[in-house]
Amino acid sequence: MCIIKIKKNLIFSLFAITEVTEVTGANEDTGGSEVTEITVVNEISKCTEDIIVNDPKFLSSRKKWMILFIATFSGMLAPMTNTILYPALIQLSEEFEISEIAVNSLRIAPIVWAAYSDRFATRRKVYLLSCIVFIIPTILCSIAESIWVLTILCAIQACGSSGMYSIGAGIISDIYCTKERGGAFGIFYLAYWFSNFIGTLSGGYIIQYLNWHWIFRILAIYGGFIFPFIIFFVPETFCQSTLTSQSKSSQNRFNPIAPLKLLAYPNVILVVIYVSFVSSILTIQNISVPRNFSARTYKLPPSSIGLLFLAPAVGYAIGSLVGGKYSDFVLQRARKKGESVYPEMRIKSAIVGIIIIPSSYLAYGWLLEHNFNIYPLMILWFLGAFGSLITFNSLSTYLVDVCPGFSASVVALINCIRLMIAGINAIVGSLLENMIGTGWFFTVISMACFIFTFLLVIVYFKGRQWQKIFFNGDS
């Protein structure tokens, strides 16, 4: 019989033994050798079985689709809690007798949720807690009688919704392998961006036929509907090797802003800068549309302006699905050709979107400057949104791929940084457009977008080298 001697510190992969030190010849003495051999085989079987059972990537397709549905449905709350209030701002300002309503979300919140989730190897508990943090303040918002109380409660509510978004993205990363992840994130981001339009549209009807209190009642019902689904259908999906668990257990303190350390990782910071600028263009566009189309020669009423947002919503939907599927297709095609597959290939899959973004917004700005027909403008707006989501989906999935074990943290970091930068640029953008005019303003942001593209070129060629340096330095 042939006896295989294995090192004691052997690490098992999912499908095979990674290292065999020595193979001896047949041994006729079966006194103790058979026992040793049987013990080793049993240990291998047990280890492999445990990994397959506990790894969420081995869940059935039906369970994965259920979890994806829940994560997507809950992730829609993050943008919807803001956009659904836009139509209510006038009613709120009149009721509370103030000139402006500023409902601020705590942008740092998703980072804290994600840091706890990644540090303590738990998704489910944080997911449930963030849902509770969303539901309770939302109920209290519906009965608030002070604008300051309402603002504080809305900020806490935003902590919960942003937590569900970032942890939901982490769960999707946990249950899908690399070749499936782009398509799954495509569906997730499709719902996220489309919910902006749903929020604005539904908020308008709620204000028209009910009042602002019902906005929060409906959001509370939404959150209450999601909560039991999380309890009964979302298992713990964070899966770690024993080696990773041991290294993490050596860390005694929890750092709530630990995800910010990822900004020292060149792959992350350069891609986040580009994504944040593209997100700024989308925000600037959303603010610019009501101002431009209610004036000039268009003079559209508020209800018609609201319908204009259908154009980017469709662009977001198609771009998200196409971007995710195409990103996976690029990797699978390379694998079939026998080529080496690496995460930076996802940047290559974003080229179409990278070209469309500056081109469409440059044309949009000058046509709007000359009061061109509204239909070509909506087509260009659609193309800009389409290209943005192709890029956003591919690059977000890329960051998840190059930050193994930190999926929730990196998604939360993207969301936090891009929203803060978008908010600042939106203010500066409005002032700049008034100063230099719409045509030149969109020329400036299109040229800036083109220049920032070189950050992605650098990551594409240097990304693999940086990844090795960064994670070897951490280990």
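Every residue, even glycine, has its Cβ placed from backbone N, Cα and C.
Any TrEMBL annotation is an automated prediction that lacks curation.
Under the heading domain 'Major facilitator superfamily (MFS) profile', TrEMBL lists 49-464. Annotation comment: TrEMBL describes 1-25 as signal peptide. Taken from TrEMBL, the feature transmembrane segment applies to 128-149, 155-177, 189-208, 214-234, 262-284, 304-326, 347-368, 374-393, 405-428, 440-461.
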Please average pLDDT over the domain 'Major facilitator superfamily (MFS) profile' (49-464) for the predicted structure. 80
Near the transmembrane segment (262-284), which residues from the same chain, at least 6 beyond its ends, have a CB less than 8 A from one of its CBs? 312, 357, 361, 384-385, 388, 391-392, 395-396, 398-399, 402-403, 406, 409-410, 413-414, 417-419, 421-423, 425-426, 429-430, 445, 448-449, 452-453, 455-456, 458-459, 462-463, 466-467, 470
Does the transmembrane segment (304-326) make contact with the transmembrane segment (214-234) through 3 or more Cβ pairs under 8 Å, each pair 6 or more apart in sequence? no
Is it true that the transmembrane segment (347-368) and the transmembrane segment (440-461) have 3 or more Cβ pairs under 8 Å, skipping pairs fewer than 6 apart in sequence? yes
For the transmembrane segment (128-149) and the transmembrane segment (374-393), does the number of C-beta pairs under 8 Å, pairs 6 or more apart in sequence, reach 3 or more? no
Does the chain bring the transmembrane segment (374-393) near the transmembrane segment (155-177), so that three or more CB pairs sit under 8 Å (pairs 6 or more apart in sequence)? no
Which sequence-distant residues neighbour the transmembrane segment (214-234)? Criterion: at least 6 residues beyond either end, Cβ under 8 Å. 63, 66-67, 70-71, 73-74, 77, 80-81, 84-85, 88, 123-124, 127-128, 131-132, 134-135, 138-139, 141-142, 157, 160, 164, 171, 202-203, 206-207
